[in-house]
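Asks: Structure provided below as structure tokens; questions to follow.
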Amino acid sequence: MGSARTWALGANPLPEGGWSFGVWAPRVASLALELLPRKRGGSTRRIELQRVGDLYVAEVDGVADGDRYFFVCPDGRRRPDPRSRRQPEGVHGPSAVVDVRRFRPSSRPRLGRPADWVIYELHVGTFTPEGTFDGVAAHLGYLRDELGVDAIEVMPVASFPGTRNWGYDGVHPFAVQESYGGPAGLARLVGAAHEHGLAVILDVVYNHLGPEGNYLREFGPYFTKKHHTPWGEALNFDDAGSGPVRAYFVDNAVQWIRDFGIDALRLDAIQMIRDSGPRHVLSEIGEAVQAHGGAVISESDLNDPLTVLPRPEGWGHDAQWSDDLHHALHAILTRETTGYYADYGKASDVATALERGFVYDGSRFSGFRGKAYGRSSRGMPSEAHVVCLQNHDQVGNRARGDRLVSLVGPEAAKAAAAVLLLAPEVPLLFMGEEYAAPQPFPFFTSHSDPALARAVTEGRRHEFAAFEWQGEVPDPQAEETMETAILRLEQRAAGPHGGMLALYRTLLAVRRDHPALRGPDRGARNRVQALDGEKVVVLERWSDDGSRRVAVIASLGRTKVTATVPLSPGRWTCLIDTRSPDFGWTEGEAPGQLEVGSSGEVRLALPPSCAWIFERS
């Protein structure tokens with residue numbers, strides 16, 4: 001085993017047979033590999049690892065897929081592999097050898113551009129009572145064929161402590177949560193999704209690691225005091241010894257695309273990924289993922305087009321989560337004025353978000369932040385913005401995990417859905433939203449350390465002070481907190497749920513089929529206007545040749561209004577009235593046709609909390 005050789009890290013099969021084991025561990029004086037017996041009463045094998053620079057390595061025969069192992073430190077501490085691909089006994093237990101070659105897809109299906117997707121975000125543990133990848137797979141036909149989405153976005157699956165967690169406390173980035181079905185279960189889900197014509201987006205967390213089961217600092221300088229995050233130590237992307245740390249996370253991103261066939265990654269809270277080096281690690285990750293055929297969607301609350309600008313000026317990501325449309329719709333519908341909702345509340349905020357993606361673009365002062373923030377989105381296409389009415393953050397980061405429909409009622413939620421699903425941006429739905437699921441989505445954990453559990457509970461209570469929410473916050477550690485979030489998909493056809501689902505299906509069909517709503521330059525083919533006094537937003541979109549047009553007239557207030565609505569001249573035919581009996585209301589009030597004269601205006605009496613969709617051919 002010469003020092004000139006390039007060693008793969010983690011446990012990897014060798015072409016000639018046997019397995020190689022490698023770990024970057026500059027902070028330990030020696031390391032041994034301990035292979036556990038396959039059967040009770042068997043013997044443990046111990047192999048001293050050879051030091052090659054800052055690596056400890058070995059080639060070992062007689063190892064099989066599924067064998068369990070630890071790395072053993074000089075003082076006897078037994079630690080999981082920092083690049084473990086499976087933790088069958090939890091985050092503190094032994095790692096397991098996984099031959100990822102059996103998962104690697106032979107080809108990548110053609111599933112369209114991310115810019116054309118409608119995304120459905122889900123949490124594996126609460127999407128079904130089974131709480132597994134196989135449980136999700138059983139309902140892919142519903143998502144694709146009955147509802148009509150194009151991609152599922154799976155909340156983080158990296159191994160976390162216990163069995164109840166949103167996934168953002170993961171501590172083994174390369175391992176797949178065992179209670180969900182482990183790596184084999186994830187591979188089955190991806191394969192099943194592709195068979196249904198669904199793309200798979202995986203949410204990954206590269207801004208911090210969870211506190212329990214986090215042993216990386218014992219091996220090397222994975223963390224730095226140079227930067228800070230609200231959730232834990234900052235990862236070391238630009239301090240001494242950061243090179244192997246950067247490689248660790250770039251390799252992790254590539255693993256999901258190459259070994260599991262994932263189609264895109266969603267990078268969590270990238271504003272907390274700090275890197276002052278010559279090239280930002282997020283640019284490296286984006287380039288590596290795209291080189292393997294994947295896409296990158298970043299989440300940021302900074303309203304900065306840097307994420308999607310082409311390299312080297314930007315990071316070259318495919319899209320980013322943009323919060324402003326959510327905040328604008330939520331504020332006008334709920335009338336909430338606490339926290340960041342204080343910065344929104346007008347129909348013109350909704351219109352600006354639809355037209356530009358960003359409401360805050362550096363030219364406007366934010367009272368919540370106490371400063372102006374953001375940059376102009378000029379030159380950033382609409383399809384580079386992923387927007388939503390609800391997502392795990394906006395639902396789950398409320399004190400009790402309230403869904404929008406429980407705050408404003410079904411009619412207001414339907415009106416907002418029409419705005420979202422016919423917007424030029426990329427829409428994202430949160431699981432259950434499409435049928436007004438009654439289950440909340442509160443924050444939940446299952447830490448085994450009592451002191452940590454208490455700290456998490458107290459931290460949640462403190463977190464809501466800025467929003468002035470009243471009442472008891474559900475205990476994240478209580479089993480029943482997660483249980484309240486488990487969807488019952490059989491409810492989707494019952495009573496008012498069926499009406500909401502019918503509307504979502506209809507809106508998605510119009511989005512998919514109408515020429516005014518398709519195409520790569522769709523953000524340049526629209527006009528948005530707001531009537532602030534009446535709380536009305538008018539979105540008009542047209543086809544490439546201008547011959548086909550769709551207009552969304554959304555009345556977002558709580559009272560009936562009469563408004564002069566701007567529309568292109570011509571005869572318009574009503575396609576959808578969100579208050580129609582087809583969608584669970586008593587009767588619709590939209591006129592069957594509108595005649596708009598040369599003035600480009602029409603006088604309309606609009607019910608509260610409704611949206612009318614018209615077509616002009």
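Just so it is clear, glycine is given a Cβ too, placed from its N, Cα and C backbone atoms.
No curator has checked TrEMBL annotations; they are predicted automatically.
Just so it is clear, the model here is predicted, and its values are computed rather than measured.
Feature list, courtesy of TrEMBL:
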DOMAIN    121-460  domain 'Glycosyl hydrolase family 13 catalytic'
ACT_SITE  ASP268  active site, nucleophile
ACT_SITE  GLU299  active site, proton donor
SITE      ASP393  site 'Transition state stabilizer'
Asks: Is the residue listed as 'active site, proton donor' helix, strand or coil when read with DSSP?
Replies: strand
Asks: Let me know the DSSP-derived helix, strand or coil state of ASP393 (site 'Transition state stabilizer'), please.
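Replies: In the DSSP reduction, ASP393 (site 'Transition state stabilizer') maps to helix.
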Asks: Which whole-number mean pLDDT does the model give the domain 'Glycosyl hydrolase family 13 catalytic' (121-460)?
Replies: 97
Asks: Need the DSSP three-state call for the residue listed as 'active site, nucleophile' to compare against my parser.
Replies: coil
